[in-house]
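Novice: One structure, as structure tokens, below. Some questions next.
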Amino acid sequence: MRLKDEFSHNNDDDDEEETKTMSQCSIGALQQQQKNVVVVVGYALTSKKVKSFLQPKLEGFARNKGILFVAIDQNRPLSDQGPFDIVLHKLTGKEWRQILEEYRRTHPEVTVLDPPDAILHLHNRQSMLQCVADMNLSDSYGKVGVPRQLVIKRDASSIPDAVAKAGLMLPLVAKPLVADGSAKSHELSLAYDQYSLQKLEPPLVLQEFVNHGGVLFKVYIVGEAIKVVRRFSLPDVTKRELSKNAGVFRFPRVSCAAASADDADLDPSVAELPPRPLLEKLAKELRRRLGLRLFNLDIIREHGTRDHFYVIDINYFPGYGKMPGYEHIFTDFLLSLVQSRYKKKS
């Protein structure tokens with residue numbers, strides 16, 4: 001956290017010489033902006049993420065609350081930049097992880113969102129859902145689990161035998177094993193028959209398809225804040241359809257923002273959101289187990305039940321720009337991080 005007078009200009013000769021080239025108007029605007037800064041957030045994001053996340057409405061709202069977003073120059077040592085209160089990032093690669101880990105070690109006063117090793121856990125769909133499976137969350141508000149799944153790392157010809165041995169039931173959803181946020185990692189296929197499984201491309205994860213009324217719940221988590229939206233998903237598959245259809249059906253992306261179901265005329269039994277206490281308990285436990293504060297869950301309700309839910313995907317630093325009211329939720333979260341650290345320091 002920055003005290004407002006920490007940003008006042010020095011009066012040495014170099015600064016005076018530099019400011020002579022600036023108009024009085026621009027100097028005044030810069031000084032006013034600096035005086036209002038309380039939190040400095042350095043960000044290292046892909047150009048696509050910058051465009052979707054750092055929208056003018058977020059930057060303007062943040063500025064009014066004393067939060068300044070500053071781009072991190074990846075061509076300069078991170079320790080030479082700043083000072084930052086928070087580092088916000090979503091980049092991949094071993095080199096970047098090493099840079100961040102070193103920065104966390106040498107700058108313990110800076111909050112890094114989130115630890116790179118913890119994020120890496122969500123890049124693999126085999127390990128991604130293990131935390132949920134280990135929890136076996138069940139209480140008076142409902143039960144949360146994960147679909148039965150099987151990992152195939154190579155040799156598509158072996159898939160039918162592996163599926164039969166594991167006892168998985170058709171149809172099966174096939175997802176890429178690596179979940180790195182790329183367009184390809186969001187592609188999925190639905191396989192209707194045993195023979196067609198050989199047409200799939202490992203490495204992948206196979207999940208038993210659970211009928212869920214064609215609607216999933218995208219649960220955004222920002223620290224302790226939770227926001228839920230409805231999205232259209234794959235339609236239910238009846239036994240009759242399963243017996244008549246064969247092959248693999250590919251879907252480039254399911255549950256994107258364009259598929260919002262919040263305003264659709266849905267059956268109340270399908271549209272009803274998961275109970276808030278259940279989501280709060282789930283989010284709290286996952287924050288602890290994953291060591292992450294920025295992620296979302298794709299959750300479905302088994303069709304014909306009211307309280308049986310499955311987590312089918314977890315994504316790190318998802319498309320918050322599509323979340324209603326994200327600028328309010330995110331700026332409150334950033335301020336709370338710095339205030340919490342400032343209190344501990346005091």
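Going from the start of the chain as shown, residues are counted 1 onward.
Yeah, the Cβs are placed from backbone N, Cα and C, and that goes for glycine too.
Below, the features straight out of TrEMBL:
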COMPBIAS  1-11  compositional bias 'Basic and acidic residues'
REGION    1-23  region 'Disordered'
BINDING   K49, K90, H186, K218, N315, G319  1D-myo-inositol 1,3,4-trisphosphate binding site
BINDING   R125, K175, 207-218, S233  ATP binding site
DOMAIN    138-346  domain 'ATP-grasp'
BINDING   D298, D313  Mg(2+) 1 binding site
BINDING   D313, N315  Mg(2+) 2 binding site
Novice: Which one of these binding-site residues, K49, K218, has the sparsest Cβ neighbourhood, judged by other Cβ atoms within 10 angstroms?
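Specialist: Candidates: the binding-site residues K49, K218. Fewest Cβ atoms within 10 Å: K49.
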Novice: Anything within 10 Å of R125 (ATP binding site)? Look among the binding-site residues K49, H186, D298, D313, G319, comparing CA atoms, and list what you find.
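Specialist: So the list is D313.
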Novice: Considering all pairs of residues in K49, K90, H186, K218, N315, G319, annotated in the record as contacting 1D-myo-inositol 1,3,4-trisphosphate, what is the maximal C-alpha distance expressed in whole angstrom?
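Specialist: Among the residues the record ties to 1D-myo-inositol 1,3,4-trisphosphate, max Cα distance equals 20 Å.
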Novice: 10 Å Cβ neighbour count around G213 (ATP binding site)?
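Specialist: By my count, 19.
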Novice: Comparing the binding-site residues K90, R125, H186, which residue's C-beta has the most other C-beta atoms within 10 angstroms in this structure?
Specialist: R125
Novice: Return the member of K49, K90, K218, D298 nearest to N211 (ATP binding site) in space, with distance defined Cα to Cα and candidates limited to these binding-site residues.
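Specialist: Going through K49, K90, K218, D298 one by one, the closest to N211 (ATP binding site) is D298.
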Novice: Minimum Cβ neighbour count within 10 Å among the binding-site residues F209, D313: which residue?
Specialist: F209
Novice: What is the pLDDT of the domain 'ATP-grasp' (138-346) when averaged and given as a whole number?
Specialist: 91
Novice: For the binding-site residues Q207, N211, N315, which one has its C-beta crowded by the most other C-beta atoms within 10 angstroms?
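Specialist: Result of the Cβ crowding comparison: Q207.
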Novice: Out of K90, H186, D298, the binding-site residues in the record, which is closest to G213 (ATP binding site) when you go by Cα distance?
Specialist: D298
